[in-house]
Structure formats: C-alpha cells, structure tokens
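One structure is given here, and the rest of the page talks about it.
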Amino acid sequence: MAQLYYKYGTMNSGKTIEILKVAHNYEEQGKPVVIMTSALDTRDGFGIVSSRIGMRREAIPISNDIDIFTFIAQLEEKPYCVLIDESQFLSKQNVYDLARVVDELNVPVMAFGLKNDFQNNLFEGSKHLLLLADKIDEIKTICQYCSKKATMVLRTENGKPVYEGDQIQIGGNETYIPVCRKHYFNPEI
C-alpha cells in the first residue's frame, strides 16, 4: 500500500541529493518516477531540481493553481513514485492533492523540504505535510558553528543575522545557514 512520506531537514542536509538518488534507484530498475518542485524555486532555473554538489535534473514545476492529482492521474504511464522537492512552498491544496495521489492512485509520494522558516514558523506546505503524512523522517545535518544537530535555519544579510522579514526569499548558502538552537539565538557571526 502506498504512503505519503515527509522528509524534512534544514539547509544543506542533503534533501535534494536524496531525491536524485531515489529517482536513480527506481529508474535503474526500469520504474518511472515523476519529480516535481515548487515553481517558486528558480535558483538554478525554472523546473530544475539541483543539489549543492552539482547534480541537477528537470522537474515539473508546481504552482498553486496546478491540480497535482489530475496531472498524475492523466499520465500515460503510471509512475512508481512521485518525488517532491521544496515541499515547504506547497499550498494546502497541493498537499491534499498529494494525499489523494497516494490514497486513490496507490502511488507513493515522497515530499522533501524545510520544516520551519528563519523565524521558526512552519511553512504552509510543511504544516499540512506534518498533518497528513503517513511517515515523517528528519534528514539530519550539523550546525555550521558546532557539532550539534542543526534544527533551525538562520537567515543572514551582509553577514548579519536577520529575524524579521518576508517568509519566502529564495537563496542558497550565502543567505541561509543550518544552525542548532543555541547558535540560532547567538550566532558566531
């Protein structure tokens, strides 16, 4: 029976490389997958899943007006798995569509993303994935300043920590840093 998986981690925890690895493993066995990513993430181009170690692949961009369930249901070849990158940016409806893909089409869905933003608030997509997922796993990484587990994301601008502002600002290593709780409140910047 298919399940909805939510795999979350901070920046630099290897979420995207995990997606690319899972896709490769399925496809090596001749089992097609669908890779999707938020249309908001355009760092490396529209509809591109890209890891920090240089691996990249085309993906179906997800906007708030796409009906993910209908899109998957109408594919000529049923996928063995649907893989979602940047799932924190999904809308509530997007997440409910993913649950329908699992429940009605019997296709496993693995959603990868951040859990909380730089203000330690849940993203909309994360909130609903935490509510609906059958299995929830943390992808761990370490704090940039010590060897404790990173559980938070620190936003920086011009080398200074930022605790206020818009929730969504697409960036990379130069803007967001994985940190533990101690270094979130007292970064060594």
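Here the Cβ of each residue, glycine as well, is placed from N, Cα and C on the backbone.
According to Swiss-Prot, the features are:
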ACT_SITE  GLU86  active site, proton acceptor
BINDING   GLY9, THR10, MET11, ASN12, SER13, GLY14, LYS15, THR16, ASP85, GLU86, SER87, GLN88  ATP binding site
BINDING   CYS143, CYS146, CYS180, HIS183  Zn(2+) binding site
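The structure, with features from Swiss-Prot marked on it.
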residue	record	CB count, 10 Å
GLY9	ATP binding site	22
MET11	ATP binding site	23
SER13	ATP binding site	21
LYS15	ATP binding site	22
ASP85	ATP binding site	26
GLU86	active site, proton acceptor	26
SER87	ATP binding site	29
CYS143	Zn(2+) binding site	23
CYS180	Zn(2+) binding site	19
HIS183	Zn(2+) binding site	21
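DSSP assigns SER87 (ATP binding site) to a helix in the three-state reduction. All protein chains considered, the CB of CYS146 (Zn(2+) binding site) has 13 other CB atoms within 10 Å.
Same-chain residues that are not part of CYS143, CYS146, CYS180, HIS183 yet have a Cβ within 8 Å of the Cβ center of the Zn(2+) site turn out to be ILE142, GLN144, TYR145, SER147, LYS148, ALA150, VAL179, ARG181, LYS182, TYR184.
Under the three-state DSSP scheme, GLY9 (ATP binding site) falls in the coil class. Residues GLY9, THR10, MET11, ASN12, SER13, GLY14, LYS15, THR16, ASP85, GLU86, SER87, GLN88 are the ones the record ties to ATP, and the longest Cα gap between any two of them is 15 Å.
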